[in-house]
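According to Swiss-Prot, the features are:
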type	residues	note
TRANSMEM	10-30	transmembrane segment
TRANSMEM	59-79	transmembrane segment
TRANSMEM	91-111	transmembrane segment
TRANSMEM	130-150	transmembrane segment
TRANSMEM	154-174	transmembrane segment
Amino acid sequence: MNMEIFGNSISNILIFVVITLLGIFIGKIVDKIVRNYLKKIIDKTKTKFDDIILESIDLPIIVLVVTLFFYFGLRFLILPDYILKLIDEAVKVVVILSATYFAVKFIDGIFEHYLIPLTEKTETELDEHIIKPLKKVVKILTILLGILTALSSVGYDITALLAGLGVGGLALALAMQDTIKNFIAGILILIDKPFSLGHWVKVKGAEGIVEEIGIRSTRIRTFDYTLITIPNSELLDSAIENLTVRDRRRVLMTIGLTYNTPVEKIKRAKEIIKEIVENHPATLPPYRVHFREYGDWSLNLRVEYFVRNMGFDYYLNAVDEINLKIKEEFEKEGIEMAFPTYTVYLEKDN
């Protein structure tokens with residue numbers, strides 16, 4: 001056993017190997033204890049917080065145990081100072097990165113088990129649209145912080161690195177200014193709420209149902225099932241008609257009577273229309289029925305009323321019932337509706 005390798009006896013090298021292998025073995029034991037024994041205890045609790053911690057410490061604790069045993073085993077070896085320094089720095093990096101991994105997993109668990117379910121219970125869509133991108137941002141910042149801390153621990157000057165990142169970030173921001181503008185516009189839309197998911201809107205020549213409000217763009221499904229995607233920045237600068245939030249829908253139509261209709265029957269026609277419209281359960285005021293004009297082939301009655309906004313089918317059914325009732329009453333009263341007609345006069349030659 002007097003044989004030496006790089007100044008270390010075989011016995012010392014064997015001690016290092018045994019300690020390292022012992023660290024791997026104990027690390028696996030700790031892993032099993034965490035996964036089996038502690039999990040059974042934690043599963044009995046009502047809170048999710050301890051489950052989050054359990055899920056977060058699983059891998060880091062194994063890495064830390066193995067690293068500590070490896071680091072301890074090195075003490076039995078004779079190594080140059082620069083090698084020991086490198087190993088010390090490597091251990092620091094491993095510990096910091098393990099802590100970073102724990103932090104990222106912990107943040108992920110807090111969002112998944114607490115914040116996301118909480119926002120699903122709220123009435124505001126802002127929470128639901130912001131929380132998932134926020135989770136990604138927080139995790140990325142945590143990873144960057146861990147990497148910078150690890151670099152700083154081994155002697156790197158992170159000030160110069162941060163300055164370089166600042167210049168790079170500025171260039172990236174300029175390249176992504178449209179994306180950033182759309183992102184901010186998306187946040188403002190969610191805060192201001194000119195419309196919500198499922199609303200019927202008219203904007204920039206598009207009309208349909210809002211299917212998705214994203215961070216970059218909004219998607220509208222038209223009534224012929226075409227999907228239109230509009231950047232949020234354009235939406236923010238446009239006039240938006242929200243047809244869902246109105247409490248009533250306007251009906252404006254013209255009913256033409258034949259020119260040979262007597263005045264009394266014109267008055268009766270107006271009475272019939274107004275009575276039918278006012279008595280229908282789906283209608284709302286104001287109700288307007290007027291003899292408006294002498295048309296090319298008809299005496300035109302202008303009819304205006306409103307229908308409760310309880311869906312498009314409800315609106316169509318109400319108009320259908322009213323129109324059929326008007327036709328039915330006109331037939332009973334002998335009131336004739338006009339259709340395009342022309343009178344042709346023929347002049348005889350002498």
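Placement of Cβ uses the backbone N, Cα and C atoms for every residue, glycine included.
Among the stretches 10-30, 59-79, 130-150, the one making the largest number of Cβ pairs under 8 Å with the transmembrane segment (91-111) is 130-150. Beyond the ends of the transmembrane segment (10-30), by six or more residues, the same chain brings 1, 3-4, 61-63, 65-70, 72-74, 76-78 to within a C-beta distance below 8 angstroms of the stretch.
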